[in-house]
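Enquirer: Starting off with a structure, shown below.
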Amino acid sequence: MERIIGGKYKLGRKIGGGSFGEIFLATHIDTFEIVAVKIENSKTKHPQLLYEAKLYRTLEGGSGIPRIRWFGVDGTENALVMDLLGPSLEDLFVYCGRKFSPKTVLMLADQMLTRIEYVHSKGYLHRDIKPDNFLMGLGRKANQVYLIDFGLAKRYRDANTNRHIPYRENKNLTGTARYASCNTHLGIEQGRRDDLESLGYVLLYFLRGSLPWQGLKAVDKKQKYDKICEKKISTPIEVLCKSHPVEFASYFHYCHTLTFDQRPDYGFLKRLFRDLFSREGYEFDYIYDWTIIKYQQSQKTRSQSQAVPGSSNARAIPMDTSNHRGGTKISHEAQVSDRVRPANASGPSPQINTAVGRSLGFDQVHKNMNMPSSTSLSPAGTSKRNVRPETSNSGFGSGNKTGGWTSPFMSPGK
């Protein structure tokens, strides 16, 4: 028997789940648009969909913020219907051989900084900045970076007085240890500076391929956190950023000069990276590393299929759903997350010169290359809490361990 959510979304197959609830694909019964639906039992001990829905409503309209289509009670369950998005940056990082080029990192950094600035402008901290929580769009928005998973978000200004929350110490670690700021490790209340420091670690992770505090052995989570904290604090910025442009070290130095309640100069940080981008002679054409890989594969497949009709060995982005579990947010303050899960461009579509000398528009490249359309939409709070940090993967893609991911639908691109 077909199940209709909110009177207009026909529930499809399950694409993720865990202790927090389950994620399904769904299709609008009139427009046939495909969306993502997060469902949780309304009697769960720690319900969070209502909180997430309210927060998304607050952020609604911002570039790179998923839209809520419907929220309400369906029988005995709460349901949140949202945009379906593409693969996470962690998925794409793995797909590209666990390293991004400086050009790709800088193009991503510009959008990621803008997303964080927007969330801060609405009075909230994200508090779980990591590659898994940035997803690419689909279709015509395949170039746009989205920020998701606000399950640990917190107001840093009082809604009535607009005063900044007070400085506190002895706080539990909230977020993901690998990317947490030094002050977060030390138990200091998080502020805007901490989201930005976490972003810095994400960017270095992309450039380096790993961070010095990954893979540390420990007997329990506390010891693991302590070791990560010790290694992170004892690693000089210049060592962390060695062999990479000085702008990345400057980024960290700036973050460390910010006081607890100081408003960051987001424009300064974006100019820092934009000036580097220009100096290196890059073109902001939204052609990322994964775009090139998929294009090269499509060319190879095309030549092979011409030699052997019907043959194809193109691989899609591998998506491991065996680890796509979720976790219940115990509370904003008590939650300790120790896991790490592996654009709308304006102006004319950039061109890629093909081997035969003709040009292929960016949108056409995505179409011809079967650019992976992951079902990684994570309505807020779907990231995996309390999963071992070196093993979990990102998002809610559809796939298996042995085969590449294949899109079961056409990218909505609405």
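Note that Cβ sites are derived from N, Cα and C of the backbone, with glycine treated the same way.
The annotation active site, proton acceptor is assigned in Swiss-Prot to Asp128 on the grounds of sequence analysis. As annotated by Swiss-Prot, ATP binding site applies to Ile15, Gly16, Gly17, Gly18, Ser19, Phe20, Gly21, Glu22, Ile23, Lys38. Per Swiss-Prot, the feature compositional bias 'Polar residues' maps to 302-325, 346-356, 370-395, 403-414. Summarising the annotation, Swiss-Prot assigns domain 'Protein kinase' to 9-277.
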Enquirer: Once the chains shown are all counted, how many other Cβ atoms turn up within 10 Å of the Cβ of Ile15 (ATP binding site)?
Expert: 25
Enquirer: Tell me, roughly as an integer, the mean pLDDT over the domain 'Protein kinase' (9-277).
Expert: 96
Enquirer: Can you tell me how far the Cα of Ile15 (ATP binding site) sits from the Cα of the residue listed as 'active site, proton acceptor', in Å?
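Expert: The separation of the Cα atoms works out to 23 Å.
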Enquirer: Compute the C-alpha separation of Ile23 (ATP binding site) from Asp128 (active site, proton acceptor), stating it in Å without decimals.
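Expert: Cα-Cα distance, Ile23 (ATP binding site) to Asp128 (active site, proton acceptor): 20 Å.
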